[in-house]
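Peer 1: Questions regarding the structure given below will be posed in turn.
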Amino acid sequence: MSSVSSAEPTAQQNFNPSCHFRMRPNAANRGGSISSGNNRSSGFGGGGFDDGGDEISSSAIAAAAAAVLSSPVVSEFSYTRERLLELAPTGSIMPDALRDQLFFNEKNLPLVSNTPLSEHEQKLQHNINSSKAMSLLSHADRASIAAGAAYGSGYGAASGALQNGQSPTSRWAPKSSWNKGTPDRGTGTTPRGGGSVGRASGAFFAGRGGGRIGGENGFGGATNGGSPAAQNEDSPGTYQSKFNALRRGGGAGSVGRGGSTTGSAFNTRADALYNPNDPTDRPKAVNPAATRSESDEEEEEGWSKVGSTSRTSTNAAPQSSERPAWARSESWIQRTQQQQQQQQQQSTQQQAQPPITLWNNREVGSDSTVWKDRNHMVAAVRKASTENHPPQQQQQQQQRSSAPVSAPSRQESESTDVPNLPIPTYPSDPSAWSNNSMGGGIFYQPTPQPPAPIVKEEPVQFYYMDPTETRRGPFPKDQMNVWFKAGYFTDESLRVQRGENGEYKTIGDLKKLHGSSTPFEYLEDIEPPRPILPSIPYPSATNPLYPAAFGGVNMWSSMGQPTDVYMMQTNFEQQLVAERNRLLDDHNRRLAEEAEKMAKFQEAMYRQLTMQHEQRVREQELLLQKRAEEIEKREAESKREEAARLQKLEQEAREIEERKAALEAEDRRKREIEEYNRMCEKKKNEIIAKEAADRMRLEEATERERRRLEAESRVAEEKIRRDRVRAELEAREREEERKRAAERERIARETASLQQQAELDAAWAGKKIATVTTSNSAFTGAPKQVSPSGSEESDEWISTSKEVKHTKTAPWAAKVEAPQKSEKTLLEIQKEEERKFKVEQEKNAKLKAKEQASNITSAAAIAGDKSGGLWGASKTWAAPESNSSKSYVSPFLDGPSLEAANKMALQKKNSQPKIAVPAKSAPTSAKVATPVKAKATAVAVSSPATNQKTKKTKEQVATDELQQWFVKRFQQFSTQVDSSTLFDCIMSLENPNEVEDIVMSYLDESKTVKEFVREFIKRRIAMRAAGGRPDADDLTSARTAAAAPSDSNSGSNSNSGNGQGKKKKKTQKQVLDGNILGFRGTAAADRLNKGEIDAVPSAPVNPSRR
């Protein structure tokens, strides 16, 4: 895609939405070129008509048909042509995705606009049908729009005259004319925007702004105030108005750039909202002046009549107060159409041939008809052209044949657009200059040369050299592109050749030269054809002005008759003929040489191709031979592989059978082992059950004995408690008796004192002493007052004395007066307590003897013998309250007490027991405690023998338990080894490492075996510690403290100091029990431990000491 050189910065801003529809390029567009012989002038605003101006370009007709009938296509992503040109740099290759776009066109399209819009145009373009946009306009602007000034004040506005006599206010400033006065070129009379003709305008040209009514892009027209172009025999006339009616945005009423929406039946923005696939779904043109019924009659199949005249009267002046602005502008369009019809009638009188009046099946002045589709329109145009102008095609061919050599390229490009559409033309009249009275037969007329034959290029063929140096091909370019996109040419070193004799290039080079997406899109360097001189015939007369250069343009009708221009050149023509012949001979000679060289080259190429073909045949034969050998080798290899595979399968089958037999043998062996293990386990379970039953019976007997002892202990405790309670009651009774005796003594003293006082009072008063009872005043209350007069005759005194004498005695008075029992003395109390303590001690001795007997018979008892000396020791005298409930200690629940443990340690240390003689508590209790001392001494003497027998029994039981545990655990690992013999072997070993090595040699070195050995060593240490056996070389635990040396050892050691050569005898070590210390090593929470700080609280200050 190449860029457009005439683009301006404002082109993108003034983008017209109508360019979104697919349009075909044409020469009559803006910026197109106008051919005028050798003088080619580029029209800026209005494109000219090629081929002498008599023929309208076929691309223009096609573009007109496409613009009218093509449906608008709405895309999700729309890109303007200007935007695509900005994004794509010059010389770049377009992407493949761009070709698939709906609006893509490979040919260059002209720009829509190069001039910025005015303020009114921008307002109307943004919202052209909005009442809001109209409300923003002023009254003058609305009047201008009603007259067509908003869209008609552009390129076609004349500087002198406007519609309805309006003044040019707020319009575009016209640029200066590009016209240059030359004697051989017609000039326009007005600059851009007015006049009959524009730049390079003449009777033939339709210049910029003049002569073209409603141009293709809407630029200019006489309806905007400019005078019409001069009508002559070559002007388009009525045909141009009919042709303009086909353009979208054009038509007879088109004004300004892009056409007016008032004169057009379609609005591009509104048309895009309808379904493009439904021909009936089209916008409808509403005539504001017509009624609803009239507008419905004008519609046919959903299409509005384009360019049709209104049914309302056009003679009436528009009323601005009655009709809207767009309706008022319609009257101006109608008046413009009437002016065009008048101009067309004048032009028909001057034309040399009748105009085309029915080329699109319409009549001048009648209402326009509507085609159903594009095919309908093309058929109508073709029929009209064939019926009305059959001889014009031959004249058109003659004119095209007389064109210069440079013309066919443009003709071909234009004829490819609509090849089957015949276009009516206006042939030129050569009789105006060939049949001149003065120059008839003497003018030089060059012989028309036939156009250069169009040689169709052969399709491009590609070859490539594969990695085996074999040339592959030929392949078409499309196939190579497909393979490249599919990813077959990934190797950039692959060599590719274009054509038979092209140069080999790698894929990487082609990517760098032509792009990574299309490396095969490039042109081959072809030698340009040699120029051929035209044949010049001998002239019959002198030739004026050498019009050969203008022969192809048919401009003779527009040029005047040359006068008095004669030039006789007879000798000169002969020289030209001679020179021409010489040049022709040289050319023929060169052609012959070239033909000979070409023949030789072809022969050499044929030989080379033959050799290459033979070489390829030989290479193919060698390749086939190699392939056959490879196939034979592969077959032999496959046979060997098959044999090896079969042999391997047989070997695998044998191995599977062997493994199966081994697995079966292993299963049988495992079942036998399991059966043996099950039998052993059964026997072991029976032994364990028997042992458990025995143990259960022993435990039950022990439990019964323990319960019996506990019951007896509870009975003894209850008896002791009752004795204590009775003693307390007796003491309380004695205290109460003492208190009562003291009270009686007090009452007696008070009674005696009262009697003495009464006697004293009677003696002093000389009266009879009143009789007073001996009852206690504290219990009887205060005595009655004796009459102070003391007369016996008083009745009150007599009755009172009688009542006192005969008062009944209180119940407790008899008890007080009863004789009291004598109290026990302190000696009697002590004797009674000693008697009770003796009885209690005898009971405890009997209980202890029974307990020792039960400990000897019980195998589960451990520390029962240690409490034997507890009851043998004599106790000092104490009160009955000292016999607490803890006097009995159960060896099964509480274990040996601290005193029993200390006594046992003392008995082990001394060879013979010593009899403890307790101190006498009191002289009176010495004789009473003697029998108790004797019994305690007897128990202490007999205790060592009993403990020794018990100890031996415990060691044997612990060893048996350890052996049973070892055998049970060892058989879990292996049942083939005699575990009892192994136990006896390792029990004599002191080193734990040796024990571990022996056990692991029979089993394995797994983690479970090591744990088993460690547990065995720990249990052995615990058993030896419990049995009192010292472990001299046991390094797994801390060393034990050495026992204190005995008297015999100390004596021997002192005596051994005399003999220097004698070896010192090692002292026997002894394991000490922690209970001997009488305390535990753990920290107590209720006392201060090491490392703690004792904070002494400060004493409060006594305020009295200040």
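Glycine residues also receive a Cβ, built from the backbone N, Cα and C atoms like all the rest.
These figures come from a predicted structure and were not determined experimentally.
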Peer 1: When you get a sec, could you say which of 467-486, 627-646, 707-726, 1087-1106 is annotated region 'Disordered' by Swiss-Prot?
Peer 2: 1087-1106
Peer 1: Per Swiss-Prot, which of 89-108, 869-888, 909-928 is region 'Disordered'?
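Peer 2: Matching range for region 'Disordered': 909-928.
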Peer 1: Which numbers of helix, strand and coil residues does DSSP report for the domain 'GYF' (459-508)?
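Peer 2: Each residue of the domain 'GYF' (459-508) counted once, the result is 12 helix, 18 strand, 20 coil.
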Peer 1: Looking only at the domain 'GYF' (459-508), what is the mean pLDDT?
Peer 2: 85
